[in-house]
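**Student:** I have a structure I would like to understand better, so I am pasting it below and will then ask my questions one at a time.
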Amino acid sequence: MQYPRPIAKLIEGFTRLPGIGPKTASRLAFHVLDMKEDDVLEFAKALVHAKRDLTYCSQCHNITDTDPCQICEDKHRDRTTICVVQESRDLIAMEKMREYTGLYHVLHGAISPMDGIGPEDIKIAELIKRLQDDESVKEVIVATNPTIEGEATAMYISRLIKPTGIKVTRLAHGLPVGGDLEYADEVTLSKAIEGRREL
């Protein structure tokens, strides 16, 4: 059976989201149709506002509604340490543990030659410029995901930063290899920060 065009378009829209296949998209579409109209309009408005009102911090490249973001603006944070993460959601995972008090740099991806993603496609050049412009940074913690791409990115960053004399460390591997940082619990992340090693 073919769906009416509006439902088909809605299902197609949901399948564009990561991890959403046709069955889940269909389930979500029919759930939306069962919702009260006010709730659907509120949901649609939230989507539009998030897309329209959010931007990226000009310093750390985290998603934010102010520029610079709250973390970069916070004068109480340790400005001698920058934690490099792949995505904004990884930064949020690090913040949840409430132990790391330094600054961040969001790469927006990882080096992945198989996917055609090179160093120039993520925010590595911006990180290097930031380190050149700010002499107070003494340590860069590379907190990329423990995947092949994350490891390759960590090694690439380490090779660029080492000659500057800035200490480069990597999170300890209490984190599962092949896993994503955002799914790690606070205790695991805390142990990983404590056990970080120099690259």
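Using N, Cα and C of the backbone, Cβ positions are placed for all residues, glycine too.
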**Student:** Of the ranges 57-72, 105-120, 121-136, which one does Swiss-Prot list as zinc finger?
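**Tutor:** My reading of Swiss-Prot: the zinc finger range is 57-72.
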**Student:** Mind checking which residues of the chain, 6+ beyond the ends of the zinc finger (57-72), have their Cβ under 8 Å from one of its Cβ atoms?
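**Tutor:** Apart from its flanks, the zinc finger (57-72) reaches 88, 91, 95, 103-108, 123, 126, 130.
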